[in-house]
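Have a look at the structure below, then the notes.
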């Protein structure tokens, strides 16, 4: 009977509760790390484009509005200063006077003229004249700088909108990882799936074990990262993620769980971070989805429930059972102990089979007696009969 996310087998004593480990990576993929005491903040300004893209949406929109409003105000103030310096504001009623900008009678009019110039929406009755060289230079500068502001801000907003972060939200990981036998070997497994019909191209999976360790010299490393092989050597880490897949890490001699039994694993303190990467089929941009598993989320002796069924002409995926597991017979010893036991069993079988064959030969030979020459020419238990003797004349 299927059981969903059961942590222990019936009748088995639950290990003592430990203090909850602080996650390094949240289940939704957010890294639980905050940068503190960063004194060289000028480095953020050297890469202003990335800084603006990484801002929250409300701050990005605020910067977007301020960028345009400030440039309009800045150039509007300069247009007003030119008109004030040339005396245009004092000759508003003088028809013989040629101003720098026609019908510019105050700061508000200068501000509106600045907006019309930078946005190139066309002029109304405010038009620059050819009697104002400083105005012509300012017009060129505002046109060039306005184009630069447009390119920069529109580029930032486009990149921010087209970021594949939301695409990663439709890449799901199983809520638990499991440990069970696969082809006679202990394996750590978890499941990944894609909720969208458009696929992830060149998808690849990685897994890292994060736990504290102490070196031989006494150095304490609080978040040491160790790679967990999920098929890099065989190419199994490259996924064709059309339907949910179970990713397997074989616990062999190169695995950090080689000597971990069920009891030792439940008492350990670690975090397994899984990273799924690929390109979004629609945009070609790289997408990365992350999740993690703590010790309490690793179920020993469980296997994932199948979610794929064959219907009339197509395969159907039932995501209602995506996170479900069920218990299977699994030894509680470590992978090393299991391999040693299998080696001893193989050695015992290797030496016991010839001895049993010899015993069978002796029993059959004693039953036939000395007069059983007819059966002497037959093969017995894989042994060839002796060659025939020469006939006597």
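Each residue, glycine too, has its Cβ placed from N, Cα and C.
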Given ranges 107-118, 167-178, 179-190, the stretch to which Swiss-Prot attaches the annotation intramembrane segment: 107-118
Residues from the same chain, set at least six apart from the ends of the topological domain 'Extracellular' (83-106), whose C-beta lies under 8 A from its own: 113, 125-129, 131-132, 134-135
Positions whose Cβ lies under 8 angstroms from the topological domain 'Extracellular' (126-134), at least six residues beyond its ends: 82, 86, 98-104, 109, 112-113, 116
